[in-house]
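According to TrEMBL, the feature active site maps to His222. Feature annotation from TrEMBL assigns NAD(+) binding site to Ala124, Asn192. Per TrEMBL, the feature domain 'Aspartate/homoserine dehydrogenase NAD-binding' maps to 8-121. Residues or ranges marked as domain 'Aspartate dehydrogenase' by TrEMBL: 169-257.
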Amino acid sequence: MIKIGVIGCGFIGTQICLAVDSGAVPAEIFGIFDFSDEKANAVLKCLKSSSPVKCSPEIMIESCDLIIECASQDAVLKYALPAAENGVDMMILSVGALQDPDFYETLEKTAAANHSKIYIPSGAIAGTDGLKAAAVANLSSVSVTTRKPISGLAGSPYLIEKGIDLADIQEPTLVFEGSAAEAVVGFPKNVNVCATISLCGIGFQKTAVRIIADPTISENIHELEVSGDFGRMKMIIENRPSPQNPKSSYLAALSAVSTLKKITSPIQIGV
Ligand SMILES: NC(=O)C1=CN([C@@H]2O[C@H](COP(=O)(O)OP(=O)(O)OC[C@H]3O[C@@H](n4cnc5c(N)ncnc54)[C@H](O)[C@@H]3O)[C@@H](O)[C@H]2O)C=CC1
Ligand SMILES: O=C([O-])CC(=O)C(=O)O
């Protein structure tokens, strides 16, 4: 059984630990880490058949086969390279961290040199299978429009920098329009899906992003539009947000668990 370490014990980390603990995934949780001890303790408390240690990511890197990052872009920047250098696989949820081309290239080369894998779940969006296949030929445009309720965008660095007060927004309002590269920096906890789409398609600079703050909805809605040699694709997903963290959709946690199932299964389905 593979040994996993989980960095980040918030909504997604908790769901992953619960799925492994229930036996739905054949893996052992070796260790968990969160810089909030309270969050790590809350995970330990809800596990019935696993007894992971609370340990540093450095210890996980020495002891685990796979590290799952479900914490923040900072955690990816800090731990992804050391894990790859040690031949340890990593699943990354805070995908926006990969927008720096130098970091991405170094990570890719380091993982290749040390036979480690980087797994990026489809997260809170759908359509990555079709997009990846379409990207084998020429793509002319890829765009993502994200609509979130006010609570799903609170605290974003871009809104703070631009002096946009979400409390003033009474109707659906376009708060950002630009590249995915800019979006994942300005909204690091809100649009990692745009990073995943960029990596599947035409990259961070060419992927167009619009973010709409919408006080009339309760779902996190992502609309993906792609055109290219294959034809045209349009996908809309209306995600239920996590009750624990309204910025993140429930599907993001399910996608991480599904990726873990794929990693641990001899049968690989889909692109
Ligand atoms: N790829 C995708 O489609 C999606 C990605 N995400 C991203 O996944 C990550 C986890 O999401 P949630 O579980 O909903 O967030 P959360 O806020 O519920 O939990 C994150 C936890 O990580 C901890 N943390 C943050 N930085 C850390 C660090 N450097 N070292 C140790 N602990 C750290 C926090 O204390 C918190 O307990 C976030 O970065 C989020 O933006 C969320 C939804 C969709
Ligand atoms: O969960 C979502 O709907 C999207 C999200 O937060 C992200 O991509 O970071």
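Keep in mind that glycine also has a Cβ here, set from the backbone N, Cα and C atoms.
Given the structure is predicted, the values throughout are model-derived calculations rather than measurements.
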*Using DSSP, how many residues in the domain 'Aspartate dehydrogenase' (169-257) fall into helix, strand and coil?*
28 helix, 33 strand, 28 coil
*asked:* Please count the residues of the domain 'Aspartate/homoserine dehydrogenase NAD-binding' (8-121) that DSSP assigns to helix (H, G, I), strand (E, B) and coil.
replied: 59 helix, 19 strand, 36 coil
*Over all shown protein chains, what is the count of other CB atoms within 10 A of the CB belonging to Ala124 (NAD(+) binding site)?*
26
*State the mean pLDDT for the domain 'Aspartate/homoserine dehydrogenase NAD-binding' (8-121).*
97
_Neighbour count (Cβ, 10 Å) for the residue listed as 'active site'_ = 26
*asked:* To the nearest Å, how far is the Cα of the residue listed as 'active site' from the Cα of Asn192 (NAD(+) binding site)?
replied: 11
*Just how many other Cβ atoms lie inside 10 Å of the Cβ on Asn192 (NAD(+) binding site)?*
27
